[in-house]
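Straight from Swiss-Prot, the features:
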| type | residues | note |
| --- | --- | --- |
| BINDING | Gly36, His37, Ser38, Ala39, Ala40, Gly41, Lys42, Thr43 | ATP 1 binding site |
| BINDING | Gly294, Glu295, Asn296, Gly297, Ser298, Gly299, Lys300, Thr301 | ATP 2 binding site |
| DOMAIN | 2-242 | domain 'ABC transporter 1' |
| DOMAIN | 262-494 | domain 'ABC transporter 2' |
Amino acid sequence: MIELRNFSYTYGTAAIPALKNINLEIRKGELLLVTGHSAAGKTTLALAMAGILHHEIGGKIEGNISFQSRDVKEFDGIKELSRHIGVVFDDAESQLIFTTVEEEIFSGLENRGHPEKEMVRRSKEAMDFCAISHLNNRAPHMLSGGQKQKVALAATLALDTEVLILDEATAELDSQAVRKVFSVLKRLKDAGKTIIIIDHNIEDFLEIGDRVVLLEKGEIKAIKSPSEFTSKSSDLTSTNLTSTSALQTDLPLSRTAEQPIISVKNLTQRYGEILALDNIDLEIYPGELVAILGENGSGKTTLVKHFNGLLRPYSGKVTVKGLETSTTPINELVKHTGLVFQNPDNMLFEDTVEAEINFGLNNIGVKGPEAVGAILRSLELVNLNDKQKVFPRHLSRGERQRLAVACIIAMKPELIVLDEPTTGLDAEESDRMMQLMRKLQQEGHTIVMVTHNLQIVRDHVERVIRMESGKVVEDSANRKFSGKGSVKEESDYKGHVSKEIVSEEIVSEEIVSEESVSEECVRGGTCA
């Protein structure tokens with residue numbers, strides 16, 4: 001179906017190839033799993049197989065790629081190739097350009113000249129598959145990260161291509177949504193589709209996979225069956241693609257002060273008729289490490305955007321360090337609260353990695369040798385020491401995620417809020433990220449993070465807040481946490497996949513989109 005022969009690729013003026021001497025044949029009807037560390041070359045491989053490197057990006061290309069025995073260079077650009085190969089990338093936002101979800105899904109079908117009746121049938125089926133029918137008239141950029149991924153997936157499924165490539169396409173989905181994707185992919189495979197899943201967390205799909213490709217530094221390190229891959233722990237743990245942390249479910253609560261750093265009283269947030277937050281009462285104390293869990297659209301991101309004033313209460317009251325957010329300028333609040341967005345690209349706008357970090361430091365008056373020291377320390381903490389002069393958009397998704405964290409921790413806010421901080425990170429990097437959070441906590445910072453990852457919660461977090469439909473339904477110490485709700489728990493996926501469409505609450509986590517917020521604002525710059 002797709003064959004790569006002695007294929008190597010180097011981006012632009014880069015000195016090191018992103019892919020080196022790749023030899024791989026993807027068979028018709030196969031479900032291939034591709035995994036590896038951040039920056040291993042996974043996304044580049046997806047771009048190569050879809051013909052995007054040849055027809056859109058350019059760069060130094062060696063060897064060849066063929067689709068159905070025809071060199072991809074011979075196709076009439078992406079327009080022709082996309083009739084056969086559908087791709088969903090890790091950054092769903094980059095694929096969403098229309099004003100409503102329905103238009104987003106219709107657009108590809110219209111471009112292919114399908115009759116209206118056929119377009120209606122396909123789009124309805126795709127939206128039902130992805131449980132987003134209730135979002136059909138919503139603006140994609142106003143949806144939560146997980147909802148955006150579902151829309152991008154539905155738009156691609158509607159095209160009914162022979163090949164489907166998913167590049168970290170479930171990274172921001174809750175466990176119910178991942179189970180639904182599992183069910184859909186199984187049906188597509190049974191129908192003879194060729195599917196390529198590129199992900200750090202392939203364990204969710206090993207049951208239906210045919211082969212596993214392990215990438216390391218742009219090269220294929222191993223190709224194995226799923227059973228061989230899981231039976232030999234060296235393939236997983238030696239490359240640190242599974243978590244190696246010991247469970248720490250009896251972590252103590254770290255309340256070191258009587259006065260909360262965050263106080264939320266009777267907080268309600270409405271957007272027209274949509275109730276996004278429903279009468280929330282909550283206190284977070286200095287020195288705590290808190291996780292906020294919940295399904296896509298449960299209100300998690302809406303809640304934490306109140307912690308630095310990006311959102312103002314519809315009713316109720318939020319205070320940060322005693323400052324009421326409804327009356328205190330955001331520029332003042334961000335001195336106390338650092339927020340790392342779910343999508344790191346919404347925070348990155350400078351020409352180099354070091355300039356990204358320096359931007360926030362300059363805004364809070366840190367300059368000269370002190371700024372240099374802060375930059376070097378934050379880069380070392382997130383393991384990006386060798387990337388100071390790199391253009392941020394040339395980093396992998398995982399590296400961009402770590403850079404966004406570095407930009408915030410360099411400013412040393414008392415409260416650090418991270419929205420899905422391990423998205424795009426493999427297990428080793430996720431563990432390292434959480435060890436960093438523990439270190440920052442020990443230095444006196446308060447840490448609040450939104451996550452779907454139950455393993456991370458079990459290993460590192462002291463207190464768990466669970467949300468449903470805009471309400472806090474559980475607030476407990478880790479050791480007492482019920483484990484209910486939408487979290488990524490491995491046992492959820494093995495052999496017990498529901499065939500029913502999972503309904504989702506209409507509440508959007510990002511009704512006020514990250515894109516509508518000035519990037520400079522969260523790092524002490526001008527707030528629009």
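Each Cβ is built from the backbone N, Cα and C atoms, and glycine gets one as well.
Remember, it's a predicted structure, so these values are computed and weren't measured experimentally.
Annotation: Ser298 carries the greatest number of neighbouring Cβ atoms among the binding-site residues Ser38, Thr43, Ser298 [cut-off 10 Å, Cβ to Cβ].
A helical conformation is recorded for Thr43 (ATP 1 binding site) in the three-state DSSP classification.
Long-range Cβ contacts of Ala39 (ATP 1 binding site) within its own chain (separation 6+, distance under 8 Å): Leu395, Ser396, Gly398, Glu399. Checked against Lys300 (ATP 2 binding site) by C-alpha proximity, the binding-site residues Gly36, Ser38, Lys42 yield Ser38 as the nearest. Using CA atoms as reference points, the binding-site residues Ser38, Gly41, Lys42, Thr43 were checked against Gly294 (ATP 2 binding site), and the closest is Ser38.
Among the binding-site residues listed (Gly36, Ser38, Ala40, Gly41), Ser38 has its Cα nearest to the Cα of Thr301 (ATP 2 binding site). When the alpha carbons of Glu295 (ATP 2 binding site) and Gly36 (ATP 1 binding site) are compared, the span between them is 27 angstrom.
Considering only the binding-site residues Asn296, Ser298, Gly299, the residue whose Cα is spatially closest to the Cα of Thr43 (ATP 1 binding site) is Asn296.
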